[in-house]
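Have a look at the structure below, then the notes.
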């Protein structure tokens, strides 16, 4: 009876319009009707491909390109804008620092440094819980809720009147934003093949740069406007209100556009939902698993590659924490006014956009993300060396050095995409992502503390610390590259063994990268 139902499922008129591989798969019963119709649980996707072992839906190149265009068009624009706001929301404190916030809320001594770090205390406190919730709850809806919440919190900063209130807002802002980066990394791994992930991650992360351009221009315009015309609100309050309300608007849009998985994507036909799952079979990672697996946590904690990622994030984000909170003040140390610092910071965003997209594309094109990302880090070291070494009167040269430092995000983004590509097993992936971003938080907490008030306006000790950290990062990158090549060689020898047998449909079994002999690490 079950076979009859599967054989008669396709209406002849519908069958003519289906891609032949999908029509064959449905006729044979390898795709269940109820899976095509509706699902909120990513685990259900497995049933569509495990009900009949050995059967694979073959997608031709034209169909794959069509699906990729549809997916890109719906996911990437929204993710880009939201991620740009994610960066803008963190750095509004830097714009506010030269727009009068210190005087208005009574910041003294190192209060400003602690406000820079407080965001990351909130982030680090909620990072692991939010990764568990990203695994357990519908990822699209949970991410949207976090985006809306962070917009509301940011807008509330306009009502802050003292240091204590600012501390509370910055902490809660970190809590709300903790889901964004790991959530976007999981969404990218859920929808794209390994060869596509580096470029897509680079694209949405590059909107940090666009946000720097947009934020600098808006802050400059507001600063000029409030200086020339009396307003009922201080300029820095307007900045917080504007970015907060814009974030809330994008959170609502995110809720309606970004699905929880392929099977409840409103903008895909029932047939395309199945094809969208099939096209990521090559990842050997499935499409998610809601079940928490302790053995995968243990494997994550004992895997050397995990701690290499953690070491990189910790060391690399000491410079990031300092520069992102002090870049406006750093530019004024070159001899420019506070208003000019807002405007002259914007080309740095363009450098970040260009390097992230270019090196992300080249890394995928030539299957070597680590090598191309290291170029960005070398450019950053050169840039900071120019800031430290050039004469004080060479303002333009030192400003150019600052622009080069904005290429430093390339390796961080490459490793974020490599966690998506190279860490398999959903519990293991969320655990490694959480540890990576916890280390990111710790680095960002330490970073602002290297910019001591007594070192103003040049901050030479902080600049030397940044160069040392980036040089150490190059060593960590080399280790990760060598480790991945070594693991690939070992797996190749295992697969070449005559006694080796591949499991049926093991791509959907939620195996870890170590468990799965078919898994190949991306470099």
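Glycine is treated like the rest: Cβ placed from N, Cα and C.
The structure displayed is predicted, hence computed values, not measured ones.
Averaged across the domain 'Major facilitator superfamily (MFS) profile' (75-523), pLDDT for the predicted model comes to 87. TrEMBL lists 75-523 with the feature domain 'Major facilitator superfamily (MFS) profile'.
According to TrEMBL, the feature transmembrane segment maps to 142-160 (among others).
Residues annotated as transmembrane segment in TrEMBL: 167-191 (among others).
Per TrEMBL, the feature transmembrane segment maps to 203-223 (among others).
What TrEMBL records for 235-258 (among others) is transmembrane segment.
Remote same-chain partners of the transmembrane segment (342-363), defined as residues 6 or more beyond its termini with a Cβ less than 8 Å from a stretch Cβ, comprise 95, 98, 198-199, 201-203, 205-214, 216-217, 219-220, 223, 327-328, 331, 336, 369-373, 375-376, 379, 399, 402-407, 409-410, 413-414, 417. Annotation comment: TrEMBL describes 342-363 (among others) as transmembrane segment.
Sequence annotations record features per position, and here TrEMBL assigns transmembrane segment to 370-390 (among others). Long-range contacts of the transmembrane segment (370-390) within the same chain, counting only residues at least 6 positions beyond its ends with a Cβ under 8 Å from a Cβ of the stretch, are 319, 330, 355-356, 359-360, 362-363, 397-398, 400-411, 413-415, 418, 460, 463-464, 466-467, 470-471, 473-474, 477, 480-481, 523.
Packing against the transmembrane segment (402-420) from elsewhere in the chain are residues 181, 185-186, 188-189, 197-198, 200-202, 205, 208-209, 212, 309, 312-313, 316-317, 319-320, 323, 327, 330-331, 334, 347-349, 351-352, 355-356, 359-360, 363, 369-370, 372-377, 379-380, 382-384, 386-387, 429, 432-433, 436, 440, 466, 470, 473, 477, 480, 522: each is 6 or more residues past its ends and has a CB under 8 Å from a CB in it. Among the features that TrEMBL reports, transmembrane segment is placed at 402-420 (among others).
Residues or ranges marked as transmembrane segment by TrEMBL: 432-452 (among others).
Beyond the transmembrane segment (464-484), the same-chain residues lying 6 or more positions past its ends with a Cβ under 8 Å from any Cβ of the stretch are 304-305, 308-309, 311-312, 315-316, 318-319, 322-323, 370-371, 373-374, 377-378, 380-381, 384-385, 388, 405, 408, 411, 415, 418, 422, 450, 521-523. Annotation comment: TrEMBL describes 464-484 (among others) as transmembrane segment.
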